[in-house]
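Student: I grabbed these lines from TrEMBL:
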DOMAIN    33-369  domain 'Orn/DAP/Arg decarboxylase 2 C-terminal'
DOMAIN    35-279  domain 'Orn/DAP/Arg decarboxylase 2 N-terminal'
MOD_RES   Lys60  N6-(pyridoxal phosphate)lysine
BINDING   Gly239, Glu273, Pro274, Gly275, Arg276, Tyr371  pyridoxal 5'-phosphate binding site
BINDING   Arg276, Arg312, Tyr316, Glu344, Tyr371  substrate binding site
ACT_SITE  Cys343  active site, proton donor
Amino acid sequence: MDHFDYRDGDLYAEDVAVRDLAERYGTPLFVYSRATLERHFKAFDDALEGVDHLVCYAVKANSNLAVLNVLARLGAGFDIVSAGELQRVLAAGGDPAKIVFSGVGKRVDEIELALKAGIRSFNVESEAELERLSDIAARAGVRAPVALRVNPDVDAKTHPYISTGLKENKFGIDMSQAERLFLKANELPGLKVSGMDCHIGSQLTELQPLLDAMGRMLELVDRLGQRGVEIHHLNVGGGLGIRYNSEQPPHPSDYARALTPLLGGRKLQILMEPGRAIAGNAGLLLTRVEYLKPTPHRNFAIVDASMSELIRPTLYNAWQNIVPTHKNRQATTKTWDIVGPVCESGDWLGKERELAISQGDLLAVRSAGAYGFTMSSNYNSRPRPAEVMVDGAQVHLVREREKVEQLFELEKVLPK
Ligand code: LLP
């Protein structure tokens, strides 16, 4: 459920007509709904009520400071993958003691920064990283809290680019090596083993792979317990899908209901790292139709947003709903390919969409709150769009539109 709805034929974000936002801030424009963000975070938090838990929002989905701040105010933890994301969370008022640090390639300076900040846990993904982390922590005279990310080798049944829990993926520690590495981590001077972690993929629409992964982790927790390694928290990762089209992803409460009985009597804190399920349907991308270009083969609607602002259709062949922001009574319905101005044939936002549109109309690309702005680029020297957050009848500009001068302010021509 989200807070984008039609009222008398006009699309609203909470109590604000998105058409007014386009007038005021221009297009392309990312529009977020605070009430939706909060609702989705609470869906996870409430689902785990009664279980010791921490919901760590995956910052990569949408790292705007206002988004992070809204979630921090609700007590969210954060899953980060870089020093950049760490600094964003801190700047947004996030609690460092609720931060977990994922990723296969943590640099020395990133580890140092995170140690200094006092984060909750490093999700370690290899033996080499384990050694690096222990060395850095020992030198600083501290013990780094670690969770080992295991690769449970389950098929998440999602797009191959966003599947991470198969043994051929670069992520996590192979199950066959996990026990040895937990024992090693337990001995290393700079480490304090605190948890076990796993993330099998994204946009999952079935629970079974998540539950299978959980089962495999619990077996390992038990084996480790017998060998004197105590695991305090189990991080089940993110990955719960959202509805872009006709998907029927499980609700967080279904997930929690299936997951918690598996814990048996074990005393484990549960961590989760949802990103898309919190931010995805809390945002849309507003774009204006620049030209209509019917051809004998296809009808193109050329809009002012592109793969530079939203790369998911290009990169994953992802389907995102594209809707008019108000009913056009003049135009007749036709089948359109919605494409951007970027010089790539792959620059499209939607194909074969039945729409009644005219030049100058506004369209909204739904479900663009996650992996939208964060994956945007300046390709074709396109300044990145502004972002606004609607809160009831109020609108906050949470990121200004980039200016072209900013795109090359770090560049220099050669001396004469
Ligand atoms: N935890 C870890 C370790 C992750 O790698 C990810 C996402 C998450 C949590 C959050 O997953 P979520 O709940 O959002 O599914 N750009 C792609 C998605 C890439 C996901 C990368 N990792 C897309 O636009 O579909």
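Cβ from N, Cα, C; glycine included.
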Student: Within the chain of Glu344 (substrate binding site), which residues six or more apart in sequence place their C-beta under 8 angstroms from its C-beta?
Tutor: Met307, Thr314
Student: Which binding-site residues from the list Gly239, Pro274, Gly275, Glu344 come close to ligand 1, meaning a Cβ under 6 Å from one of its atoms?
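Tutor: From Gly239, Pro274, Gly275, Glu344, counting a Cβ under 6 Å from ligand 1 as near, the near ones are Gly239, Pro274, Gly275.
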Student: The domain 'Orn/DAP/Arg decarboxylase 2 N-terminal' (35-279): mean pLDDT?
Tutor: 95
Student: By a simple count of other Cβ atoms within 10 Å, which of Pro274, Gly275, the binding-site residues in the record, is least packed?
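Tutor: The binding-site residues Pro274, Gly275 were compared, and Gly275 has the fewest Cβ atoms within 10 Å.
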Student: If you count, for each of the recorded positions Lys60, Arg276, the other Cβ atoms lying within 10 Å of its Cβ, which residue has the minimum?
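Tutor: The recorded positions Lys60, Arg276 were compared, and Lys60 has the fewest Cβ atoms within 10 Å.
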Student: If you count Cβ atoms within 10 Å of each one, which of the binding-site residues Tyr316, Tyr371 comes out on top?
Tutor: Tyr371
Student: Check the Cα-Cα distances from Cys343 (active site, proton donor) to the binding-site residues Gly239, Pro274, Arg276, Tyr316 and tell me which is shortest.
Tutor: Tyr316
Student: Can you count the other CB atoms that lie within 10 A of the CB of Cys343 (active site, proton donor)?
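Tutor: Summing over all protein chains shown, Cys343 (active site, proton donor) has 9 other Cβ atoms within 10 Å.
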Student: For the binding-site residues listed here (Gly239, Glu273, Arg312), which one has the lowest count of neighbouring CB atoms within 10 Å of its own CB?
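Tutor: Each of the binding-site residues Gly239, Glu273, Arg312 was scored by Cβ atoms within 10 Å; lowest is Arg312.
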Student: Using Glu273 (pyridoxal 5'-phosphate binding site) as the reference point, find which of the recorded positions Lys60, Arg312, Tyr316 has the shortest Cα-to-Cα distance to it.
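Tutor: Going through Lys60, Arg312, Tyr316 one by one, the closest to Glu273 (pyridoxal 5'-phosphate binding site) is Lys60.
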Student: Can you grab the distance from Pro274 (pyridoxal 5'-phosphate binding site) over to the residue listed as 'N6-(pyridoxal phosphate)lysine'? Cα atoms, rounded to a whole Å.
Tutor: 10
Student: How far is it from Gly239 (pyridoxal 5'-phosphate binding site) to Tyr316 (substrate binding site), counting Cα to Cα, in Å?
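Tutor: Gly239 (pyridoxal 5'-phosphate binding site) and Tyr316 (substrate binding site) have their Cα atoms 16 Å apart.
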Student: Other than Gly239, Glu273, Pro274, Gly275, Arg276, Tyr371 themselves, what residues in this chain have Cβ atoms within 8 Å of the centroid of the pyridoxal 5'-phosphate site's Cβ atoms?
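Tutor: Along the chain, the qualifying residues are Ala58, Lys60, Ala61, Ser202, Gly238, Leu240, Ala277, Ile278, Ala279, Ala370.
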